[in-house]
Amino acid sequence: MPPPPPLLLLAALVAAAARPGCEFGGSLAATCVDLQLRTCGDAAYNHTTFPTPLQHWSREAVEASSEYILLSVLHQLLEGQCNPDLRLLGCAVLAPRCEGGRVRRPCRHICEGLREACQPAFDAIDMAWPYFLDCHRYFKREDEGCYDPLEKLRGGLEADEALPSGLPPTFIRFSHHSYAQMARVLRRTAARCAHVARTYSIGRSFDGRDLLVIEFSSRPGQHELMEPEVKLIGNIHGNEVAGREMLIYLTQYLCSEYLLGNPRIQRLLNTTRIHLLPSMNPDGYEVAAAEGAGYNGWTSGRQNAQNLDLNRNFPDLTSEYYRLVGTRSARSDHIPIPEHYWWGKVAPETKAIMKWMQTIPFVLSASLHGGDLVVSYPFDFSKHPQEEKMFSPTPDEKMFKLLSRAYAEVHPMMMDRSENRCGGNFLKRGSIINGADWYSFTGGMSDFNYLHSNCFEITVELGCVKFPPEEALYTLWQHNKESLLNFVETVHRGIKGVVMDKYGKPVKNARILVKGIRHDITTAPDGDYWRLLPPGTHIVIAQAPGYARVIKKVIIPSRMKRAGRVDFILQPLRVGPKNFLPGLRRTGPHDSLGGASPLGEGTEANPDPLRARRQPSAGGSKPWWWSYFTSLSSHRPRWLLKY
């Protein structure tokens, strides 16, 4: 490339001297060239121009810049958060879009939205917001003719996919769904049933795919008093695809049957808030789908894009439970996440689930897998770690067996008496099994749900073929439809109610204890609670700091299908704090998920352990990532330093 004219060189030097404060003119005449930057190869456009707004005169100059190096490693620095959104946003500045001899500027509102969402991720590693992502300097308003630099992420997801002519809107296509097809089905279904459904994202996968959820409720987007919350999760292992498809079909079925006036479905959606996450591991699915049904290996695509098994990536709270349970006065429920957990590699998909659990008071959950035909329940980790197979029940063993049977006993193949069938070795157990009695492992999602929150989760193995052929999907749906509905309906077993003070004010984080079951649940912010319980007579206690405990005797008939209402009115204690009930306060580490401790007990949360270590010392030492950038480039990116 010939050197630029002297006047342009002078202008470049002046602009470079002013960096990081150079202006980015919009809609200027420019010479468009092919976009050849590898880090920006998936941008929504194919042509750029030089010089860039940062006064880089060639592709080589861009690639050697510290700004470009930052974009190339951003997903690693932020542990998958805001990826690939921030990278594409940065590419819109480092390699501006050029069309028809004109430069187009990205939209300011996109930049502002990302900054609000992603600033905490930069704060966590003690890094300043990059100067070239200044939303006012390098981005335009919509009325000035900007473009969306993230349009490719949404490309193909907004457009509807027409059904074959002559087919009713209730038609379900029993086929495998790509990520774009899955997103279209979920959004189309939510649009058809907008008064009872909505879609939302709980986060992004490591490769940047939205973890899309569809919610069904009489008031979508709102928690209603005493309405229980249920979640169903599929595809935690990318190559186990049956659960993904079952949940996609279930979304369409619930919407259609509600509109058709099915009384069972209308009652279910009007009394329950249901959240369906068809694919927790969309990146792994892409690997498995590339091989296809019948060709997929036993493990190809199982892990996420970081090569992490997501069902081994949750905090091991079961080991802590076994330690605490030997101490009489210690609480063994709502165990906080240990600080050392955050020193390991935590997948963005795992973190998204944990944040989700903090924002919604889930009562019941199921994780859908493949590879066998059985329902397993916690604990998944043996009470003797060296034992690979050992019956290791929770205090709620009876309830977990009831929940598991609710799925298995209406599943025709799980009840098939042939021992030669898939999963025949579980036949004598009724096709249900304690997880650790099957095989023991740590870091599972079901154990974490039970020990960290109020949520009871089971694991459903839908069949021995992990990636079934398309022709088998309709039969799979017929086998699992009733089981899925029956399981969700069991959230209405046990008791529910509201805990309030004598003035009628809700008491949040009050404890609900059941005598003989050493596992308490806590009330939601509105003071409401749900306690899954098997039939029988139970002594139930409500207590909270500063209040006298209230004890009630509850009888749950064996045929009772709806939760009985048991409210508690707590009277304030007349004594000082020294007489508060023991064990109610526990200082625990902050969960590093952007929220308070799950115990919600007013104790000051400890900072994120990673962030605590990465803060600069009083002597002014640089953050941990500084040496990486200075070793790769002679340009020291001091604009990344906050101090």
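Each Cβ is built from the backbone N, Cα and C atoms, and glycine gets one as well.
Whatever TrEMBL says is automated annotation, not expert-curated.
For CYS111, the disulfide partner recorded in TrEMBL among CYS91, CYS98, CYS135 is CYS135. CYS111 (disulfide bond) sits 42 Å from GLU461 (active site, proton donor/acceptor), taking the CA atoms of both as reference points.
Neighbour counts were taken as the number of other C-beta atoms within 10 angstroms of each residue's C-beta; across the disulfide-bonded residues CYS111, CYS135, the minimum falls on CYS135. Around the Cβ of GLU461 (active site, proton donor/acceptor), the number of neighbouring Cβ atoms within 10 Å comes to 26. It is 48 Å from the Cα atom of GLU461 (active site, proton donor/acceptor) to that of CYS135 (disulfide bond). Applying DSSP to the domain 'FZ' (27-149) sorts its residues as follows: 54 helix, 15 strand, 54 coil.
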